[in-house]
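Note sheet for the following structure.
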Amino acid sequence: MAGVWKVLVVLVGLAVVACAIPRRRLRYEEVVAQALQFYNEGQQGQPLFRLLEATPPPSLNSKSRIPLNFRIKETVCIFTLDRQPGNCAFREGGEERICRGAFVRRRWVRALTLRCDRDQRRQPEFPRVTRPAGPTA
């Protein structure tokens, strides 16, 4: 249930801040940076995440809808109001997440939806324990 509240708080925060964005056309990188900032604000008491890579759409024909697709990775820093993830090193073996969503801008309404799921292709590495194959004497 706490996870649902966290997502809801992040979405409401994104919608509120998205309304404050000026009417100029935003670059893809700016939208991704804002999405990551709000995602991290929902991580209170948890490690911050930093951008690994962003995949812009092939073309941004639409001025009103920008699809988002980027990967983030856990850092060694814990969330505080003044901490910037860009100043934090990636955590060795840290969790990676794939984020997808959209930034939508219509006349008076601006909203950003975002979902970040664990990257199943990158399972955490655990130390391997080897045991002797035969009986021990």
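Cβ atoms here come from the backbone N, Cα and C positions, even for glycine.
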Checklist entry - What residue among CYS77, CYS116 is stated in Swiss-Prot to be the disulfide partner of CYS99? => result CYS116
Next on the checklist: Tell me which of CYS19, CYS77 Swiss-Prot records as disulfide-bonded to CYS88.
Outcome noted: CYS77
Checklist entry - Where does CYS88 (disulfide bond) sit by DSSP, helix, strand or coil? => result coil
Next on the checklist: With DSSP assignments reduced to helix, strand and coil, which class does CYS77 (disulfide bond) get?
Outcome noted: strand
